[in-house]
Amino acid sequence: MAIEIASLPLPPSADASKFAEFGREVKGVNPGTLTPEQFKEIEQLLYKHSALLFRDVDLSPEQQYALTKAFDPTSESYGHGNNKTGETKKSILHPDLKTIPRVPQVQLIGNGIVYDHEGLAEAKLKHPSHKSFHKTRVSDEDEAKGVTRFYRWHIDAALYDLSPPKVTTLYGLTVPRGDKQVCRYDDGTGDELEPRRALKGQVLPSSYVWMAPAHAKSTGLGIETEGLEMPRDELPPWEESKVKVYPVLWKNPVTGGLHFQVHPCGVSEVFVDPLPEGAEREGALYPDGAHLTNLGEVRELLYKMQRPAIAPNLVYPHDWHEKDLVLFHNRGVLHSVVGAFAPDQWEALPGGTKGAVIDFSADESKKAAVLSAFKHAWHAYGTNLTEAGGIGYTVVDSIDTMLIMGLDEEYQRARNWIASALDFDKDANVSTFEVCFLQSPSRNKAKHMHGKMFIKMTIRVMGGLLSAHHLTDDPVYLEKAKNLADRLLPAFNTPSGLPLTWVNLARGTASLDPSIKGLVSTAEVSGMQLEFKYLSLLTDEDIYWKKVEKVMDRIRKAHLQTSLAPIYMSPGDGRFSLAEVRLGSRGDSYYEYLLKQYIQTNLQEDVYRYMYDDAMNGVAKHLIHKSEKAHLTFTSELIPERTNTGAINWRVSPKQDHLACFFGGSLMLGAVTTGTLMRPISIPPKAEELSPQGKRDWTNGVNIIETCMRTHDTLTGLPPEIAYFRIPHVGWNMNGTDSPRDWYVKGTGSGDPYDARYILRPETIESLFLAFRLTGDNRYRQYGWSIFQAIEMHCRIPTGGYASIVNVDELPVKHEDRMETFMMSETLKYLYLLFDDANVLPLSKYVFNTEAHPLPIFYPTIRTGLA
């Protein structure tokens, strides 16, 4: 089909004689899939008509960038708002633009809240308005009548170290709704326009930063000279050789016409050539040439030259429709944003509706109390920093908590220790994820050491290093994380790709854990993906990504009909072993990381959404139950039992580890991630905004949190390590302690039941943190405060630190001489964030690994190999 063109419809204000050749609507071709011949024709049309319109176009950011770049293949700069050499946050354009993560050359401009748009989880757009930039502004009374102004007339000319492409492409996503407005010039001419929705000059370095403190003229064309510009010695570093000096006019190679190419706001000096010999000199300005350096004189000259060009009869106000694509020549068309929005006119881009950004203020007194508790815990350990068993994981596991809490002195000591003393060249077997640290015989034949100590190399050490690197951009953390990851890689050298439990960091050898008979833990092999994937992103080395992705592929292929995962797998054939199914020990991280992998890569890897949704269907059907009397919602375990015929029955055990209390908050987060019918959704979500699965998971999540809080109904106010729930077919006693509660701690005899311990675990607090961020319900803060007070009363050691207690239902308490590192890395961190402002580490930008180390959400540069 041949390309067709038609004249653009002009408003009554336009002088049709002046628009005979300006602007054409193009039909019969898709601008995102042009052939070379079609592009050549479009290019000629653009030079001839200055602006082109394509209606009802489906266009991806990649296609928009490719089209724009085709007009100027040498250009590498797109958008003054993200100038690589300037301090863009100081730029006047910074608040107006949001960059598409995977195509940074394409930026969003508009008004409202963007949700899940092209890799942007959430972004708040503010429509640029004359009210924040002009020296004077339209009165409130006139604005209520619909009076507005042009914001800033400009051309996208070359600025310091920034040469925008020759063509701008604007793609309409949504069209504002509201009454028409009248654009007033307010320069004494009486000019008004009803818009439709929708020489040589020297340019100063960092022009948009330089002009940011200044005010524009009421017409939006140029800057008032008030001396408000940023002093040159305060501008970002710049080079004299990169300052732009270029002609005020350029000649259109197709039409032969002359066009302005001076940016009226950015020019600081003007060079005027002398008139040629024999030219008429009478009435000419500067007939002998001049170099104008007075800023007021420069601006006045340019304004007189350019003001006639924006007369109402020469302005084309485009009547925008959704999916309009407009192209115009940057050096040939002055253009400006126009209009203003009232607060109740804010719009969201596709996928969203009007909604509120979470903006919950901090509870400063409670934050201060938690911070004090961290210092009490840290000073018991950190006053004499050691390797703590050979690796120093307590230091690494706690360092991002110090950064979040703003503990500069403690952080600096920890950082210096990591930089100078943290060493992974240890002739020792360490767990790739969880289990033990075993000292091997040294190279000088020293006696074998049998002491052991629990350690989590990936989630604690690597996670802590990567989080600290992100929060500080300090390369020492990335170097250490990569060094550790390289030493852990031998664990993946198995027939299935499932990593072995033990790896010797110095020798590069890996081995099985004899305590689980040649198997590996499902939670361990599926609980290191966030860390290894983020490391691949930072290093641009895909080996880490591919290693952990292969693990997920094996798990997916080992799929059971129930969509649930037994807690053990074979590293030989990659199949599940006949073992328990549970959300607690050795099972938890599998379910947790299905959702978090989907979130980590900006909801781009659908395979993890499908795996997560399948797993949640299985959990809802097989693992979630109600207690007999109080109808408490809890998570059970499935125990495989063979019958006389060899068939397998799955027996329900009403046992819930405290570890499983992470699941309440996780379900709520999953409900608003994979269980939504629209975006954004309300806070908390409304029933009509969630799918049936989303409603189910949200309700179960809320109820599980309530159940976990009921397990705090003990003499200490602290929960046991394991709770059993009373369900009809299991009975009331099961050798449990005598109690009218629907739950009990299992154990017999006069000794303290092992399951009655509290070891400072964070899982319920983690769920409270998520629930508060997702609902704003203050009861979750109240729950958290009651837990914190119980910890302070029963676990705090006056001389320093905190200790586990032996029995949560016994007073006075008996302590164990033990403080797990997750007390500082998780329990106190989640408490602190629960009481902090919700804008700190927002869920729209961060995903927390299973040890509470915040990692950024990113767009994947390595595409998943799973389908």
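Note that Cβ sites are derived from N, Cα and C of the backbone, with glycine treated the same way.
Summarising the annotation, TrEMBL assigns active site, proton donor to E434 (among others).
Residues or ranges marked as active site by TrEMBL: D588 (among others). Around D588 (active site), the C-beta neighbours below 8 angstroms that are at least 6 residues distant in the chain are A523, D657, L659, A660, F662, F663, T850.
The number of other Cβ atoms within 10 Å of the Cβ belonging to E721 (active site, proton donor), over all protein chains shown, comes to 20. Annotation source TrEMBL lists active site, proton donor at E721 (among others).
As annotated by TrEMBL, active site applies to E763 (among others). DSSP classifies E763 (active site) as helix under the three-state reduction.
TrEMBL lists T850 with the feature Ca(2+) binding site. According to DSSP, T850 (Ca(2+) binding site) sits in a coil region rather than a helix or strand.
Taken from TrEMBL, the feature disulfide bond covers C661-C708. In this structure, C708 (disulfide bond) is part of a helix by DSSP.
What TrEMBL records for 20-177 (among others) is domain 'TauD/TfdA-like'. Here the domain 'TauD/TfdA-like' (20-177) returns a mean pLDDT of 73 for the predicted model.
The domain 'TauD/TfdA-like' annotation in TrEMBL covers 230-344 (among others).
Cβ environment of C661 (disulfide bond): I704, I705, C708, T711, P719, E763, T764, E766, S767 lie under 8 Å away, each six or more residues apart in the same chain. Cβ neighbours within 10 Å of T850 (Ca(2+) binding site), excluding its own Cβ and spanning all shown chains: 26. According to DSSP, E721 (active site, proton donor) is assigned to coil rather than to any helix or strand. The local packing around C708 (disulfide bond), expressed as other Cβ atoms within 10 Å of its Cβ over all shown chains, amounts to 29.
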